[in-house]
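Peer 1: Structure in structure tokens, see below.
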């Protein structure tokens, strides 16, 4: 049996075993003590010994195969051009075949709303994506499709600019409050504000209906690829960069790392919702924060995030609860639409959450709070998200798997390792499948080893399924740099180690 078919058939069994272990009478669960993550052991790459990864091993150890973590590679952001053309197919075919020969399981691709529905409401054109999908299928790879309802451009790594559909931007010309807005009134056209989720402002449709119709059209036009098993995951974009968060830190607004960012709830729709919520709570006098600083401030320089700041008062806690709950409800509603769109399909839904690791080790967790993650030392802001995803049987996809604390600026109080451990632990405790990706492209053993460690934090089990194992890892991103001789040699060894040498 070919490797990819073999793995596909066994992964279903592995996931069932994992579920049983989590719920069985043995008391075992997928919870992991985040303070005791062991080293990856036999999975670790050596800089001295980096053998070529085999393309098709002839024998398998079924117990070791239970340690297998699928590896996917993110395709370039502009693989389909702004003009809805699949350009340079020969180059892409060559690169896909190289990935397949390296043992990669599949690829991930953004399916841009701004490209497919660019001609007008409900005028969808999937032709270029169908050509791409057919090539991926021909090359023997699986596909993770992202429903990308955001603008490309303005975030770290955005090499192309793909705006929202022009007809949506035109509506924003007469009603700019359809976009996220900061306290100074600056609009962010990267993603529609949560405030219009249920406002029929788009030729009679709400934002949630826009997303739902798009996904229904995708299913209709890609049903053959879904039925053939090519498309295995549908990642539903839920915010800027496709992540479930507010656009609190954006380069186009002047943000520079490690600024705390700004709250993004000052459009008239969210302002009205907050006023209604505060009045309902018996505090009609409460307003949105006016002392939370600016994009590049530090927590201590603001009244809101400073020591004994507003965030610790009843008013501050009420706002932060409202702000974070709006985000979770937003994800919940759109995933409901996704479940309706893909009902009966053999695909997994997924959602991505950002790794806001700067100021994680400060008392206020300011950068997380402005992003919409109400996470503090004594309050887990990620388990409620995992709980919401579990309702949809969706995969929890988290970023910054490759980052280590020692590589970060000391003054930014970063904690990527602790953050990843906290999120993975919470996901496993809520019994959701957890997947991940790197935040920045890396070609070195240190980055790969950190990803290996996070993919199997309890290490490899030679007796079968490990106590903790990720559903899959997606590498960001396919490029000429990745395919250079030395870089690709290390990457192939990384793939082999993710596959537990199977």
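Placement of Cβ uses the backbone N, Cα and C atoms for every residue, glycine included.
What TrEMBL records for this protein is below:
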BINDING   110, 150, 158, 352, 357, 399, 438, 439, 477  substrate binding site
ACT_SITE  243  active site, proton donor
ACT_SITE  437  active site, proton acceptor
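Could you give the neighbours, burial and distances for every feature on this list?
Peer 2: Within the same chain, the residues at least 6 positions away from residue 243 (active site, proton donor) whose Cβ sits under 8 Å from its Cβ are 352, 353, 354, 399, listed in sequence order.
The 10 Å shell around the Cβ of residue 437 (active site, proton acceptor) contains 23 further Cβ atoms across the protein chains shown.
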Peer 1: Got a sec? Which of these binding-site residues, 357, 477, has the most Cβ atoms within 10 Å?
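Peer 2: Its Cβ has the most other Cβ atoms within 10 Å: 357.
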Peer 1: Counting every protein chain present, what is the number of Cβ atoms, excluding its own, within 10 Å of the Cβ of residue 438 (substrate binding site)?
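Peer 2: The answer is 23.
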Peer 1: If you draw a 10 Å sphere around the Cβ of residue 110 (substrate binding site), how many other Cβ atoms fall inside it, taking every protein chain shown into account?
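Peer 2: Taking every protein chain into account, the count is 23.
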